[in-house]
């Protein structure tokens with residue numbers, strides 16, 4: 001069995017007048033993430049990790065931010081398409097380990113919902129998705145609440 005590991009990272013700016021989508025769910029917050037799509041940094045980091053593990057470039061290559069068809073798209077659609085892309089190359093997801101960096105909103109209570117939603121999109125068990133949340137102790141752009149970032153590591157294996 002061929003096992004591969006991928007790493008993904010994404011960051012988006014927090015702005016007024018946008019909804020805050022994280023981990024495939026809508027969160028109540030006075031600001032949202034700015035981006036061509038819904039700007040869900042966690043989903044984008046997972047997509048990049050999956051594509052990287054399969055040596056299939058990155059999310060911007062497959063879903064360019066200058067393509068009208070992806071304007072304001074639900075990132076869960078991009079995730080589903082990413083899973084289909086790696087499956088077409090003969091890979092399935094083993095597990096995902098991800099971290100969201102945000103000062104606010106507090107995310108602990110939302111993590112089980114994120115796991116469930118993302119598991120359904122990817123067709124895997126929620127137990128195979130670890131999501132953690134942390135702050136940067138008020139340091140940097142995250143600490144100043146100017147943006148939110150996410151990191152993801154994935155394991156995929158050849159079917």
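Cβ coordinates are placed from backbone N, Cα and C, and glycine is handled just like the others.
Annotated features, as they stand in Swiss-Prot:
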type    : residues                                                     : note
BINDING : 10, 11, 12, 36, 37, 58, 59, 60, 134, 135, 136, 137, 141, 144 : 4-CDP-2-C-methyl-D-erythritol 2-phosphate binding site
BINDING : 10, 12, 44                                                   : divalent metal cation binding site
SITE    : 36                                                           : site 'Transition state stabilizer'
SITE    : 135                                                          : site 'Transition state stabilizer'
Rounded Cα-Cα span from residue 36 (site 'Transition state stabilizer') to residue 10 (4-CDP-2-C-methyl-D-erythritol 2-phosphate binding site), Å: 13
Cα-Cα distance maximum in Å, computed over every pair in 10, 11, 12, 36, 37, 58, 59, 60, 134, 135, 136, 137, 141, 144 that the record assigns to 4-CDP-2-C-methyl-D-erythritol 2-phosphate: 30
Residue with minimal Cβ packing [other Cβ atoms within 10 Å] among the recorded positions 12, 36, 44: 36
When distances run from the Cα of residue 135 (site 'Transition state stabilizer') to each of the binding-site residues 12, 37, 59, 141, the nearest one: 141
For residue 37 (4-CDP-2-C-methyl-D-erythritol 2-phosphate binding site): intrachain residues, at least 6 apart, with Cβ closer than 8 Å: 44, 63, 65, 70, 71, 72, 73, 74, 75, 78
Neighbour tally for residue 141 (4-CDP-2-C-methyl-D-erythritol 2-phosphate binding site), based on other Cβ positions within 10 Å of its Cβ: 15
Inter-residue Cα distance where the pair is residue 36 (site 'Transition state stabilizer') and residue 141 (4-CDP-2-C-methyl-D-erythritol 2-phosphate binding site), in Å: 20
Cα-to-Cα gap, residue 134 (4-CDP-2-C-methyl-D-erythritol 2-phosphate binding site) vs residue 36 (site 'Transition state stabilizer'), nearest whole Å: 25
Under 8 Å by Cβ from residue 59 (4-CDP-2-C-methyl-D-erythritol 2-phosphate binding site), counting only residues of that chain that are 6 or more apart: 10, 44, 47, 48, 51, 78, 82
Chain-mates of 10, 12, 44 with C-beta within 8 Å of site centroid, divalent metal cation: 11, 33, 35, 39, 40, 41, 42, 43, 45, 149, 150
Same chain, 6+ residues apart, C-beta under 8 Å of the C-beta of residue 136 (4-CDP-2-C-methyl-D-erythritol 2-phosphate binding site), given in sequence order: 101, 103, 142, 143
Cα-to-Cα gap, residue 36 (site 'Transition state stabilizer') vs residue 12 (4-CDP-2-C-methyl-D-erythritol 2-phosphate binding site), nearest whole Å: 10
